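Engineer: Relevant sequence annotations retrieved from Swiss-Prot are reproduced here:
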type	residues	note
ACT_SITE	Asp8	active site
ACT_SITE	Glu67	active site
ACT_SITE	Asp139	active site
BINDING	Asp8, Asp139	Mg(2+) 1 binding site
BINDING	Glu67	Mg(2+) 2 binding site
Amino acid sequence: MTLILGIDPGSRITGFGVVRQTARGCEYVASGCIRTGGGELHERLQIVFRGVSEIIRQHGPVTMGIERVFMARNADSALKLGQARGAAIVAAAEAGLEIAEYSASQVKQAVAGTGGANKEQVMMMVMHLLKLTQKPQIDASDALAIALCHAHTRSSLIPHGLATARRRGGRLRL
């Protein structure tokens with residue numbers, strides 16, 4: 001049994017999802033959103049860092065999947081998103097978690113079967129795979145999808161890939 005944390009980073013809303021990977025598949029543990037409000041950027045990044053640190057403390061995951069930054073039309077938004085990712089990655093690294101990064105299309109492919117799936121399709125598959133009866137918040141759904149993608153990818157990489165990544169500093173880029 002392995003606890004996996006998925007993070008959908010954002011400078012205003014960061015989604016999180018925790019799943020338990022067992023021999024029979026994945027089970028839902030927890031999900032939600034870290035809301036940073038409208039303060040200064042450094043204050044919002046601190047909230048993301050502390051929020052992710054608290055989730056790790058509460059649930060005890062051993063590995064984390066996080067979405068990669070995509071280059072948006074607005075460079076300022078992409079920069080802020082990258083900084084929020086950094087805050088979450090540092091929180092996970094401080095706790096000793098293995099960290100893997102996934103593109104949005106990789107997550108969609110792993111969960112919905114196509115890299116072009118929309119958010120609603122991804123959410124429906126997350127609900128089906130984790131046997132959820134209520135729709136999670138959209139950012140939490142995305143984070144659960146990232147956790148499921150990471151669980152699927154870990155299953156195909158173990159033992160070689162993650163052991164190699166651990167020797168190289170704990171960061172696995174897929």
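Any Cβ shown, glycine's included, is placed from N, Cα and C.
Neighbours and distances for these, please.
Structural biologist: Asp8 (active site) counts 28 other C-beta atoms within 10 Å of its own C-beta, drawing on all protein chains shown. Taken residue by residue with DSSP, Asp8 (active site) is part of a strand.
With a 10 A radius on its CB, Glu67 (active site) counts 25 other CB atoms from all the protein chains.
The DSSP secondary structure for Asp139 (active site) is helix.
Secondary structure at Glu67 (active site), as computed by DSSP, is strand.
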Engineer: How many Å lie between the Cα of Glu67 (active site) and the Cα of Asp8 (active site)?
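Structural biologist: A Cα-Cα distance of 6 Å.
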Engineer: Tell me the Cα distance separating Asp8 (active site) from Asp139 (active site), rounded to the nearest angstrom.
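Structural biologist: For Asp139 (active site) versus Asp8 (active site), the Cα atoms are 6 Å apart.
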Engineer: If you draw a 10 Å sphere on the Cβ of Asp139 (active site), how many other Cβ atoms land inside?
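Structural biologist: 23, counting other Cβ atoms within 10 Å of Asp139 (active site).
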